[in-house]
Amino acid sequence: MSQFALEVKALTKTIGKKTIVDDVSFQVERGEIFGLLGPNGAGKTTIIRMIVSLINRTGGTVLINGHDLDDSFTEAMNELGAIVENPEFYKYLSGYKNLKHYARMALSDISEERINEVTELVGLENAINDKVRTYSLGMRQRLGVAQAILHKPSILILDEPTNGLDPQGIREFRDYLRLLASQGTSVLVSSHLLSEMQLMCDRFAIIEKGKLIHISSMHDNETSEARKVKTIEVELSNPTLASKLLTEHMTDVKVTSSKGTRLTLSVRKEQIPMINKLFVENDIDVFEILNVKATLEDRFLEITNKDKKEQMV
Amino acid sequence: MIPLIQNELMKIFGKMASWIYMIVIVLAVLIAGIIYSKFSADPNPNWKQDTQNEITMLENQMASASGDEKKMIQNQIEQTQQFLDQDINPNAKTNWHFMNDVVVGVSSLVTLFVVVVGSANVAAEFSDGTIKQLLIRPHQRWRILLSKYIAVIIYALLLVLTLIVSGYIIGLLLFGSGDFNMKMFEITLEGRKVAIVGTQFLLKMVYFIPSLLIIMTIAFMLSTLFKSQALAVGIGIFVLFFSSTLGGIILMLADKYTWAKLLIFPHLDLTVYALQDRILEDITLPVSLSILAVYYAIFMMLTFFFFQKRDISI
């Protein structure tokens, strides 16, 4: 057993002279939900399709649970379950027959019990003998999960899985992923919906113009930021005076914006009580101090914008 | 490999259309049988006497005729005499005659349906998007494609079997059991030829199989290369219905251009060889078979090579 469920090294795809994916490397650990994040057309889908071998690689290697896709294709593919974009099924067959179809394609024998177990896990036991034609999109998505996990893969790969799902469906879907991850299945998921990824992933990579420009974990976002400079919003009675006091007394606090009675400040955590004290001592009424959590979206835009600015310089 | 073929058969037979095609073939044979029994003359038990009378009548006519007319009547007498010499009832109608004359004709319907099913088999995976889920399995692509190809062949053979069995049963019901070894005349380009009716039927079915296989392979190839069922079915039907016409035209050109003999069309309908030994001076069954084999190998290589290499980006 290898340390990583998925290891991607120097993945490259060129079509003609155009480089669509440029030297992308990352690893997905066991039981981890890893996100590929990027605007549409950034190359996420191409990366995923190269990993699941729907698209030929121009360069680079892919190891799935330690099996090299080039040297031991069938072993590697047997460790992988995937839904590529919308899960498509044979609509004229029942859900059960569709699962049976994919069960027959696995290297190991998949018992009737396993099919029933998976059906129950995704909550389709009442509809499994109906033709897929009659399924709603949410049900198809659940059947998609069922076919992907049928053979107990080490890694589950999902390309834009929540496309077209309603909020209820998205929530259910997220719960399945959490459940699977807690059972040791790793998940690689791509999306351009940033808020969605924030709720889903343990770590994420940002892809832009075919390049991997940033990898970080959601926990970095929360824990290390306590020590870093953070953003707070303060509502008070005299914002003009407050700004003046801050520039005079606390030079390393930045007022990033002011709107009406609200100020947005960049501070370190230990400075917050000092600021509060300063305001109170100068007869400024403080109504509210809000911690403005940096969302993934902000970070995403921050990172991609910084990249753009650098390019412009 | 067997589970993969099982899957493909499940998909073919999961579609209502595949069953309807079978029923249509049985119906076509039934309708053809009814028409055949209604519109062709009933066998005459006194045919020997009648044929003899006809000859006598022709001989009387010849006595009063002159020149060219005489020659024509003489010719007619000789032909009629052949029925008596060979002991062949000119309007015999048994289930084997039905099989040889009519059921063989329905075989183009088999080719048509095999073309439709064969093209849908690959093209529908692309148009429905299921190809993405199919190719991310622990099987090399060529194995998956081969399993599809084999499943289509199995379906094709099943249709051929449907044709033969329904032809036999319907023939038996409408015309009664005939003698398999009964002699008959086949009209060929080289004139009339004495043949055994049952053998003749079986020979035509055997010669039908390679043509069926080739046309099916063309449709399969086109649907794999162009991912379009419409294109594959269209060209498949074109080849099916125009190959004999095109073949004829090409054979006329063959006198002038030797290479025209190497085109696929004159060789597609091998059932001609049940009637005659050669379609041109130097083109016999083994020559046609070898030419078809070369085309077959090229079609298969193209199909599998491009399927193995293709980027799936739908």
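Glycine residues also receive a Cβ, built from the backbone N, Cα and C atoms like all the rest.
The feature transmembrane segment is assigned by TrEMBL to B:12-36, B:102-124, B:145-175, B:205-223, B:230-254, B:283-307.
By the Cβ criterion (distance under 8 Å, sequence gap of 6 or more), the transmembrane segment (B:102-124) is counted as touching the transmembrane segment (B:205-223), at least 3 such pairs being found. Across B:12-36, B:205-223, B:230-254, B:283-307, the stretch most heavily in contact with the transmembrane segment (B:145-175), judged by Cβ pairs under 8 Å, is B:12-36. Within the chain carrying the transmembrane segment (B:230-254), a Cβ under 8 angstroms from the stretch's Cβ atoms is held by residues 108, 111-112, 115-116, 118-119, 123, 215, 218-220, 222-223, 260-261, 263, 265-269, 279-280, all 6 or more beyond its ends.
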